[in-house]
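Okay, structure first, notes after.
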Amino acid sequence: MLANAIAALLLGSGIASAAGHGSPLTSKAGHRAVIPDWDLKSSSDVSKDLGGLSKPGVDTSSWYHAGTSRCTIMGCLINAGVYNDEELWYSDNLNHVNWGQFSVPWVYRHEFALSPAKGKHFLLQTNGITSKADLFFNGKQIADKEYQSGAYAGRTYDITNLAAKKNALLVQVYPTDYLYDFALGYVDWNPYPSDNGSGIWRDITIKETGSVSMGPVSVLVDIDVPVEKNPARVTVRAEAQNLESHAVEFNAAAVISGNSCSGEALKQTIKLAPGEKKLVQFTQTIKTPSIWWPKQWGDQPLYTAEVTFSVKGAVSDTAQTKFGVRKVTSFVNQFNDTQYSVNGHPFQVIGGGYGADMFLRWDSERFTRIVEYMLDMHQNTIRLEGKMEHPELYEICDEYGLMVMPGWECCDKWEAWAYNDELAIFPPPVWDANDYETANYSMIHEAAMMQPHPSVLTFLVGSDFWPNDEAVVLYANALKNAGWQTPIIASASKRGFPALLGPGGMKMDGPYDWVPPNYWYDVEPSEDRLGAAFGFGSELGAGVGTPELSSLRRFLNQSDLDDLWKNPNKNLFHMSTNASSFYNRKIYNQGLWKRYGAPTSLDDYLLKAQMMDYEATRAQYEGFGALWTASRPATGVIYWMLNNAWPSLHWNQFDYYLHPAGSYFGTKVGSRIEHVAYNYQKKEIWVINHSLYQTGSRNIKVELIDMNGKQIAKKLVQVRTKANSGFKAMDISSDINKLSSVAFLRLVLSDEKGSVLSRNVYWVTKTIDELNWDESTWYYTPVSKFVDYTPLNTLATAQVSVTTSGGKHLPGIPGSQTRTVTLENKSSVPAVFIRLTLVDSKGNDVNPVSWSDNYVTLWPHEKLQLEVGGWDGSGDKIQISGKNIKATTVKL
């Protein structure tokens, strides 16, 4: 290892990007600047004299040029125009990329100017290189691949003695092997990227300081419950390091600003011996703090902490961070299930598992849209399994009020424990001393990055398997030293746990492939009911997420499209990897064929798929919501998955192009803040309330009609809702059991003033899908007898009119273009599963888009108003289709 490497990464704020050699990259002490772009080339095509290549003035005109500060090799090549992701995604084109070119190291290079002078120091900071690299600066090697190892192991190098007016940085990145390197793998989520994610996927920065440098700023907030009535004790910390060979005295100052803060500086004078490091901390009490809440529960006020180190009256280093006042705790209940609490209130985790872009490209605007989609679906948490992304992610979640559940990933080097018998190789490549060091610095870096953010709910130091005792001590110490204050969870499964942390309290028993809606309510006996709605399900779902035709045509050719409905058991490239259990839609399609009937066309298949997807996600979230306060509570649910790394045929709540379809709106309905739901298993009506304070009298209107529109039953019941709970309101089994065919069940929840809080329509029969629990696998439970929804194929045609008018700009319907869409069923039969799509003047989908509701079913002669928000203002028409209506298009 190289002696000039500083052990801890210096994180801070105020990062700027500068380009060109004319002006210095950094301008003053405390300034951090990003290396703005890269020239890159395969090591097989450049000189072996890397030291020489790292000197200024080398001709790189024949190299690829990537105009971005962070990119894997493939990401860089796409940026440089060598590849186009629309072409890569199409059909099986990804399989035809020359993977061999990535079997050798690649070289990244950038030249920049600095202004060295006496008293100035320059620090080079890596934040994420996948997965190992040699670093050269101005002709000298400053790190080797043994030291700069691990995708998350940020390191800091003092380059002061090498800095000149003209400088060159060269990074040689080595090929990544997920089983042997600490990287960002995709397991069975999708095909692997051609380069296995190798490259500079996070920014490299140059920081200018004076004699004393500053480490990451952390903020510890201590507050008692009830948080609304207590002061907050805030401690701001940062490590100071003397970079000189002589003692230095410096002044440290911190300013905390925000509501109820005076803004006065807290000051200290400190003396450091040569090279000495010391933790500097300041404490202030905020008497009446503004509390940060998850979005569904309140506002997201943020405070700012700014720390400055000065030597002889001049700034030596400075940084600031935002933070929030909130309190997160957890406990493992009597059933060995983890339950979280936020600000003293039981917090049911409702969310999805995030998928990073296949080539690890970050887009803040796109992620913001994803967060807004999640909040529109009434989700409160996003799980990051080994995909911790960038500081911007946490800043966005802080601002929007979405909780984040980060942690290490499964199934590769991160979990290469002697007791892990589920890796792709055996015996596992267990960690050596260098691996433990890499893991340690990975945790140090990530803990420092995430610590101040109020959106961070927890950290999972394991996913499928728990870390061994040596690793867990490293992880726990790194988190503790960073000032970590939220729960540390051993793993996302119940396979085992380290004594230091205790049980993780999360289950990972599937399903990952299709199961029927009643699965979630079939909770007894719980020891045999796997993923049903009890406990904390860390990753589970019916595997649905079928894109609509407009999206499918962007990545499938005609033969691929035909396979969807003509070859239901065929392996499909746009599913999982070719070695996984999820490489086809066989299980899903069996359910579709048996329940809805063999499709007669691609359009028919896709409509039936959207009905399958809608009922699947709705039932999952309703089941967990209804049983949140059951005798064995359903404490958390993470749908597998939220989104995909590329255009995929499954495992998403909206597709790669941000088009929301059946799985999205099933989730949105099933997760409503106040909701009324049908328990398929017991044929009961349940009331769900995810709010903190919304209570009082509620009316539930229950109506059951047959396929001809004839009323079978009608009931009105009044209940008193309970905040943050789910409870049974009534039993309708006697009505359901009388059915002779498919019927429609409409549930409407209203408040005392008659305002509709939730409207929900089901297609039901007197039977339910019969699950064969004894034959369950780790990824699904088979169905021994399917319900029969094929009578839906004989529905009489309904006539529906569609009109549009100026929008109401309802909360939750963002966009520059908001309209009201009024649907009216002018028939005596129900209009079933009406889908609406906002398109532009050319007929292309407008994405992202917000709908107050979609895929709706109308009673005979019912009128329903929906709101639509077109985000970019390009909406021109609305396309309407459904199970038993004629497809039409109306002008917006």
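Just so you know, glycine gets a Cβ as well, placed from its N, Cα and C.
Worth saying up front: this structure is predicted, and the values here are computed from it rather than measured.
What Swiss-Prot records for ASP464 is active site, proton donor. Annotation comment: Swiss-Prot describes GLU539 as active site, nucleophile, evidence class similarity to another entry. Taken from Swiss-Prot, the feature N-linked glycosylation site covers ASN196, ASN336, ASN440, ASN557, ASN578, ASN689, ASN825. The annotation signal peptide is assigned in Swiss-Prot to 1-18 on the grounds of sequence analysis.
Here the features listed in Swiss-Prot are painted onto the structure.
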{"residue": "ASN196", "record": "N-linked glycosylation site", "Cβ within 10 Å": "24"}
{"residue": "ASN336", "record": "N-linked glycosylation site", "Cβ within 10 Å": "14"}
{"residue": "ASN440", "record": "N-linked glycosylation site", "Cβ within 10 Å": "19"}
{"residue": "ASP464", "record": "active site, proton donor", "Cβ within 10 Å": "21"}
{"residue": "GLU539", "record": "active site, nucleophile", "Cβ within 10 Å": "25"}
{"residue": "ASN557", "record": "N-linked glycosylation site", "Cβ within 10 Å": "13"}
{"residue": "ASN578", "record": "N-linked glycosylation site", "Cβ within 10 Å": "12"}
{"residue": "ASN689", "record": "N-linked glycosylation site", "Cβ within 10 Å": "25"}
{"residue": "ASN825", "record": "N-linked glycosylation site", "Cβ within 10 Å": "24"}
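Taking CA atoms as the reference points, ASN578 (N-linked glycosylation site) and ASN689 (N-linked glycosylation site) are 42 Å apart. Ranking the recorded positions ASN196, GLU539, ASN825 by Cα distance from ASN440 (N-linked glycosylation site) puts ASN196 first. Note on proximity: of the recorded positions ASN336, ASP464, GLU539, ASN825, the one nearest ASN196 (N-linked glycosylation site) is ASP464, by Cα distance. Here the Cα atom of the residue listed as 'active site, proton donor' is found 50 Å from that of ASN825 (N-linked glycosylation site). Checking each of the glycosylation sites ASN336, ASN557, ASN689 against ASN825 (N-linked glycosylation site) by C-alpha distance, the shortest gap belongs to ASN689. When the alpha carbons of ASN336 (N-linked glycosylation site) and the residue listed as 'active site, nucleophile' are compared, the span between them is 17 angstrom.
DSSP gives the residue listed as 'active site, nucleophile' a strand state. If you take the Cα of GLU539 (active site, nucleophile) and the Cα of ASN689 (N-linked glycosylation site), they are about 23 angstrom apart, rounded to a whole number.
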